[in-house]
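Trainee: The structure's right below; bear with me while I get my questions together.
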């Protein structure tokens with residue numbers, strides 16, 4: 001009984017150490033990978049306050065198949 005517990009413990013420790021070794025020595029980003037990445041700028045948007053959907057502006061500013069709706073007091077574009 002003690003031998004089987006010891007064997008299970010040793011196998012567990014080996015699996016855990018292999019997992020940690022793979023995670024620590026994982027793939028690192030190189031300079032060539034970084035050059036291919038995309039960057040995006042985030043711009044703050046003006047928030048339209050509302051009480052109902054009718055308080056929101058026309059939906060032509062939203063993407064196709066979206067409309068302005070009032071959610072928690074703010075006008076947001078929602079999917080149809």
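Note that Cβ sites are derived from N, Cα and C of the backbone, with glycine treated the same way.
Here Swiss-Prot flags 1-29 as signal peptide. For 50-70, 56-75, 62-77, the entry in Swiss-Prot reads disulfide bond.
Surface or core, plus neighbours and distances: that's what I need for these features.
Mentor: All protein chains included, residue 50 (disulfide bond) registers 19 other Cβ atoms within 10 Å of its own Cβ.
Cβ neighbours of residue 56 (disulfide bond) (same chain, under 8 Å, six or more residues apart in sequence): 48, 50, 68, 69, 70, 75.
Taking a C-beta cut-off of under 8 angstroms and a sequence separation of 6 or more, residue 77 (disulfide bond) has the following same-chain neighbours: 59, 61, 62, 63, 66, 67, 68, 69. DSSP assigns residue 77 (disulfide bond) to a strand segment in the three-state reduction.
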